[in-house]
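What TrEMBL says about this protein:
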type: ACT_SITE; residues: C208; note: active site, nucleophile
type: BINDING; residues: C71, A72, A73, P74, G75, S76, K77, D102, D129, D155; note: S-adenosyl-L-methionine binding site
type: DOMAIN; residues: 1-317; note: domain 'SAM-dependent MTase RsmB/NOP-type'
type: REGION; residues: 642-671; note: region 'Disordered'
Amino acid sequence: MPQPLSWYPEELAWHTNLNRKILRKSPQLEKFHHFLVSETECGNISRQEAVSMIPPLLLNIQPHHKILDMCAAPGSKTAQLIEMLHADMSIPFPEGFVIANDVDNKRCYLLVHQAKRLNSPCIMVINHDASSIPNIQLNKNGKKEILFYDRILCDVPCSGDGTLRKNIDIWKKWSTHNSLQLHGLQLRIATRGAEQLAEGGRMVYSTCSLNPIENEAVISSLLEKSEGALELADVSSELPGLKRLPGITKWKVMTKDGNWFEDWKEVPPSRHTQIRPTMFPLKDEQKLKALHLERCFRILPHHQNTGGFFIAVLIKKSPMPWNKRQPKVQNKLPQKTGDLMPVDAEQHPLESEGPIMQDAKDGETSVTESVENKKDGVCGPPPSKKMKLFGYKEDPFVFLPEDDPLFPPIQNFYALDPSFPKMNLLTRTQEGKKRQVYMVSKEIRDVLLNNSEKLKVINTGIKVWCRNNDGDGCAFRLAQEGIYTLHPFISARTIKAGIEDIKILLTEENPFLSRFSNESRSQLNGMAMGSIVLKYEPDQSKQDTHQCSVLLCGWLGKTSLRAFVPKNERLHYLRMMGLEVFKAKRKEENLEGQLEAASLDTSGQVLEEIEFECKTKNINQLPTIREDELNGQHEKILEAGTVENLSSTDKDENTKNMQSKSNVDIMEKKD
């Protein structure tokens, strides 16, 4: 039976001792397996290694925090950050946001897939070398100022030797040379994170390695060169119930030949390119004691049946010594907000860091660059003298201008509240018909408008409207992904439905209006055909009924009413209402094959998230998911194997959920 993790707050994380093979093949567990796959796909459960859940918890995130995830792919920790940001579901647009970065372009699309499950307008995915992420500028009182993050997650690339229990390859490929190669990169990433951290902010450095060269050596070197600007936080009282060991203060450095060195002075000159002074502990006992390396903590695999992990929590007390002269703010800003945001996302080979480092250098010093070349707020192409790197180009992020004729019909049809932030609407096409309309928070909009020339944005925004090809009613119908964000602003075309009406909508493809209750039909009388919102409010006096509010996007025809809800979300709502619609897999082998073929349609292979979670980042090549799929450009109808003729018309189901190779499957429940 699944059991809650004792150290995870509010029993929101559960685990089972079933391995992957048993979970997938056992007929007795088929229903449970189906539940995991379905709920994971629609974002209500995240499956990951238990210790990987710890770093986001130690960030103590609040809804107003500006958060950077430096090495975010495959996205399990990013999903946790988004959930914490939206802890108060009554606030559709929290003041904070999450910027998730990864150096590997292909892994960025896996990250997008993970993040989009949670339907947040406050997430942006970018593609940069974490050791040289460019400074982001924000508009503050007519001036451009550098963004400093309140929280930074620095889960750096590592050798992954802490995963030796589940990762068989570690036993064959492990070498001390791995940590020697990664130490420099890890220190550069941690240093860049510290530079971008706000004073009083918190940064969590973590690895799934047990090697001190990748852990305490990096933290020790970072603290030493910060000259008191950073300090290790004592988090021993946080997450009670979590078994851990304090960080170590003494270690040696070993070469791949088996030679040990206790001090940098012992290293022969021929080894100086491989072994660096920052890999050794401080010899001065007073300085070493002042670092408080014991405040780091280590988790060993046998402590609580998990992988090995290292975590350090850093607090920034003052600017870094080399950054004490604050950059000048820029006085000139466009008087009119722009609507065109062409953002390039060039792909960088992992083996070559030169161009990436140079690009970041330009980004760091670009605070004082003039933006006079922007006319009417339209962000133009990068300066001609700036080298253009090769690679594919993302579709532009085009904000709707004030006088765009597309919006007034939408506003009138849905009777949007005057407070609706229409300036936050964008599309992904510069020419031709706009097929999808997306929405971002005003903070993400600010980031896009002021950083288009140097940020390689892969994806942002939540889909709120899709073009309707039927020619009835408004030209744009509501999208289920964004309904919880949009609903507070919609005054018209909302129907209060009973639980039986909701069940009919979720289990039948095109039910006739006569199938619904008299109360629902009376609300539909006289209403024009087109997109509507169906809202279920629980009856608090009837505790035996479904007690959660439900919002569904529907389509009202002449004689029928249908729901535009993805298959897995339908199954989720039905479960919440006490209906477990399930058929044994062996009775549906043909349909299972069709669904599997559809899930492999264009991505080429099934994505396995947890397999990549603790492997060395920047090494594995992941399959590419096409951008148009992730942005909902294709709307493919798939028949569900659990509900007869049930279609998924609002979200692509092309990516099939993976199963963990770990002996411990972790499920994180969404509140």
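Any Cβ shown, glycine's included, is placed from N, Cα and C.
Straight-line distance linking the Cα atoms of K77 (S-adenosyl-L-methionine binding site) and C208 (active site, nucleophile), rounded to a whole number, equals 13 Å.
A73 (S-adenosyl-L-methionine binding site) sits 14 Å from the residue listed as 'active site, nucleophile', taking the Cα positions as reference.
The candidate set comprises the recorded positions C71, G75, D129, C208. Of these, G75 has the most other Cβ atoms within 10 Å. Model confidence over the domain 'SAM-dependent MTase RsmB/NOP-type' (1-317) stands at 94, taken as the mean pLDDT rounded to a whole number. Here the CA atom of G75 (S-adenosyl-L-methionine binding site) lies 15 Å from the CA atom of C208 (active site, nucleophile).
Within 10 Å of its Cβ, the residue among the binding-site residues A73, K77 with the fewest other Cβ atoms is K77.
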